[in-house]
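Visitor: Below you'll find the structure I mean.
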Amino acid sequence: MGDDREAGVKVAVRCRPFNQREKDRGAKLIIDMNGAMTTIQNPETPNEEPKKFTFDFSYWSHDGYNEKDDGYLEAQPGSKYSSQRRVFEDLGQGVLDNAFKGFNCSLFAYGQTGSGKSYSMVGYGNNKGIVPITCDELFKAIEAGDKATKYEVTFSMLEIYNEQVRDLLSKDNPKGGLQVRQNPKLGLFYVVGLKKVAVGSYAEIDKRTQEGTANRTVASTNMNATSSRAHTVVTITFDQISKNEAGEETKKSSVINLVDLAGSERADSTGATGDRLKEGANINKSLSALGNVISALADLSGGKKKVMVPYRDSVLTKLLQNALGGNSKTVMIAALSPADINYDETLSTLRYADRAKKIKNKAVVNENPLDKLIRELREENEKLKKQMGGAMPVAGGAGMDPADGTYSKEEIERMRKEMEEEIRAQLLANQEQMKDMDESFEEKLKRNREEQEAMGAAQANTQDRKNKDPHLVNLNEDPMLSGVIFHFIEPGEMTIGRKDASPPPMIPLTGLSISKQHAVITFENNEATVKPGEQGAKTKINGVPLTGPTTLQHLDRVLFGSNHMYVFHNPLNPKAPENTPSKIDWDFAQKEIAKHKGFDTASAGMTKEQIIAQEQILELLPMVSEVNAISEELNKHRTFEVILISGAAMEGYGSKKGAKVVVKMKNLLNGNTWLWERGKFMNRRYMIQELYQRHLDGDEDVMKIPKEEDPFWEPPEDVLIGTANVFLQSLSYALDFDDKLAVTDYKGVEEGNLYVNITPCSDKGKPLDEDFFVEDPQELLGKPFHYKVTIKSAEVNKAKYSKGLHIKYKVYQDEDVTSTPVIKDTLSPEFKHHRIITYPAVNEDQLGYFEHGCITFQLYGVQEDSVNDNRLMKMTTKELRQMEQLQNPGMQRRQTISGEASEESKLRNELEVLKKKFERLEKKEKRIQDLCSEWKGKPAEEQQFEPFWRHVSAVANSSGNKLKTRVEILNTMLKGQKMLRAKQSSDGSGANVIQSQKAMQGGGTAGAQNGSNGSINSGNGSKACVIQ
């Protein structure tokens, strides 16, 4: 047992290149590496010092490489690029060396989806990852090893998804997955009934890996599982049997666990933290539990006492107990996304890895005489059999007597049954192990090779046929799972549908929205035609719904149901339609579907925010399709759609926030709607998947769960009907605004009208008269200013909103939202809402708000959890969704609105301000004309110039700079009038003319009567005074 020692978990981080999406959006690099140190720069604070982390290895694989003719990526001379081989030599070789010494070894990859975990673990093409290289080198070392030693290698492959274990080397897994139990003697957990196959070469492991990948692809497609949320565990058991000095056969055994963990996306990073059911999904349970285990183990290794390590909290942590905190040499590789958009996730990954490196394990060599192992197993079996046959230890134990009242008879009986089940399971496991020991490795190897030969013949046939015969090949969001499933098209008619159809289909498919007779493909004269197999069967060709017979062309994309995506290949007629790319991937197919749903998928000329929104749409569309299909199957009376809401629709014109991608859920029974942020929807989707999986497993309680636990249910909440914008230019001239505003929803559809008044006023709310009008907004600076917001009433178009209506809004620098009372039982609510806003001294920011800002009034409707039409209750969700689509045929094409409605509103407001300015000037001019007329009508002896001058001056000074200029002209005229009167009294002349030219804006009634010369006339004794 020598060579026992305590060692820390070895931790490496690796940074991948930018992917195409990141290049398209002009992503910025936030990661740098120097030796073992990794730094990360916060893109929001570029002047701050980067955060620094040190690991055993920091692998730079972002750039500095060349691609050879065979596709292998190698480092450029002098670059710091780390190739696949370099990573293996540092990490995989150590795993291999320790395995030969008899240590258990574990290597697991951690990181967000798309960060490069699978590339490091499995690789792609000639760039093989750690797993295949390790397996290859293992058999090379066996070939070169001691001939007196007997080597035995067994291989298993499993997947953990949604807390269920699936054996990937088996096509048939029990409902609910394989059970995980604990060995009471060793304290370790194991998977009951997991298939372990004997392998004698790397080629055999490679074929088994392909088999596991194919089974994983079929299962994930059938079960709507998201492959990025599944953990894959490959276990290689490596036994070395030799004779010791005493001549006894001893077995040195090493268990090598190679774990590709699910994507580490945090719920809070996508907005799911506001969800009332945020703790409900099993999908994130394993990774959360893994984080808690790592933290607890790090505390233990740091000297903390009484730390409980929560291995039992998830299936993953149960199976990784030995790897993380026990008898194992463990390596962790954390994959890093290098782009600025992934800063939070990448920082989280670095902190996770930093905690893991603090864990200390005590690994021991697993070496025991074979006879001893067999003897111990037999002894344990006899002991278990006695327990099964005799009195159970539960009875008579402390508190186990029904008489003492601690436990009821029912509880004691239940515990007795549970213990019997555990003992029986352990007995079966021991018997299986003994049977396994009785069968020689050579016999196991022969049996598994025979099984593999049959599979190999089928694989060879597939490879041969795909170059000659027309076929469908699968597409998957995980590139590793694309191109795995082939369906060959035979001459004549081929039926596609559910396997429970009668007669059975030639291509059986399982999963959401697959009908019994789903589709029929006819192949004649080297041409394939597809048509629906029954009414309502959902199939899309190149993103367009299939409604009748359609000819399939080479490289056409075919979607059966919700998630069976294929590409059609026709080697007999290999001409693809124009502009079809030579290589079709998942993203291309999803963009095509999005385009036909009305979303713009071109990225040219887009901003970074727009590209991110587009990516989120492409990500959510297949998820929404899946959730709609589950809603139909479970008859939940809900429909979902992806919508894009502009910042203006959310927060008003001029919002600095970009468009937001959300999912709208609608209750088909009463029309209630909810808008879910992306993170909340994704969180609910995982719960919906879990619910559906329980349904598939035969759990009848799924249809009876309380609504509070149902991920499809949400309590009613007020719905945003639409918004109306009031632009405030009028306030910058001390003018009022009074108008009927259109209320538009996020699609730009008019939902009603709102009557609003914005009036400059006194501090008591009294409207200012016309004398306070200013022509230059700068005159308001430094002065106190008050204005009153009045919401008079509204008119709403749709009757469903009569349950209650209210308005919410915010003005400049408001922290809290102002709300009106709820007005019920009317579509024409009288709000009669008033609010006075006061600025003690107007500053530049407030003036800028007047000139360029607006108030966005949000009209909300009250929703109630009731059904208005009981006839709808008799309809299925599928029928209700079809009815909804018939009633709203343009729905798919109107998923977003730009700022057009707000721009129109702004222009209308500017026109209104100009009109009001014109009206005020006209009024001022009319007042001065009236003063002139009054003055003219007086006898000469009563024409006192000083009072007349003061009145005109007051009116002009209240009207802005241009009228001040006019009063200066009038002053000159008055002075001249005095001189004329003095002269008249001396020489008796009654004629005088004073002309003054002034170019004016707009024009008034006087201009029409007196031409355009803008003259002021007094002559021929008429004493007429006209100001234009």
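Yeah, the Cβs are placed from backbone N, Cα and C, and that goes for glycine too.
Heads up, TrEMBL stuff is auto-annotated, nobody curated it.
Positions annotated as ATP binding site by TrEMBL: G111, Q112, T113, G114, S115, G116, K117, S118. The feature coiled coil is assigned by TrEMBL to 367-436, 904-934. TrEMBL lists 1010-1022 with the feature compositional bias 'Low complexity'. Residues or ranges marked as domain 'Kinesin motor' by TrEMBL: 8-359. Among the features that TrEMBL reports, domain 'FHA' is placed at 494-546. According to TrEMBL, the region 'Disordered' annotation covers 447-470, 998-1028.
Describe the structural context of each listed feature in the structure shown, including burial, neighbouring residues and relevant distances.
Guide: Applying an 8 A CB threshold to same-chain residues 6+ apart, the list for S115 (ATP binding site) reads R16, G263, A335, L336, S337, N342, E345, T346, T349.
Along the coiled coil (367-436), the predicted structure has mean pLDDT 58.
Secondary structure by DSSP for the domain 'FHA' (494-546): 0 helix, 23 strand, 30 coil.
Same-chain residues lying 6+ beyond the ends of the region 'Disordered' (447-470) with a Cβ under 8 Å from its Cβ atoms: 197-200, 204, 207-208, 210-211, 486, 488-489, 523, 528, 568-572.
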Visitor: List the residues in the vicinity of the ATP site, defined as same-chain residues other than G111, Q112, T113, G114, S115, G116, K117, S118 with C-beta within 8 angstroms of the site's C-beta centre.
Guide: R16, G263, A335, S337
Visitor: Per DSSP, how many helix, strand and coil residues does the region 'Disordered' (447-470) have?
Guide: 19 helix, 0 strand, 5 coil
Visitor: With a 10 Å radius around each C-beta, find which of these binding-site residues (G114, S118) has the fewest other C-beta atoms nearby.
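Guide: Minimum Cβ neighbour count within 10 Å, taken over the binding-site residues G114, S118, occurs at G114.
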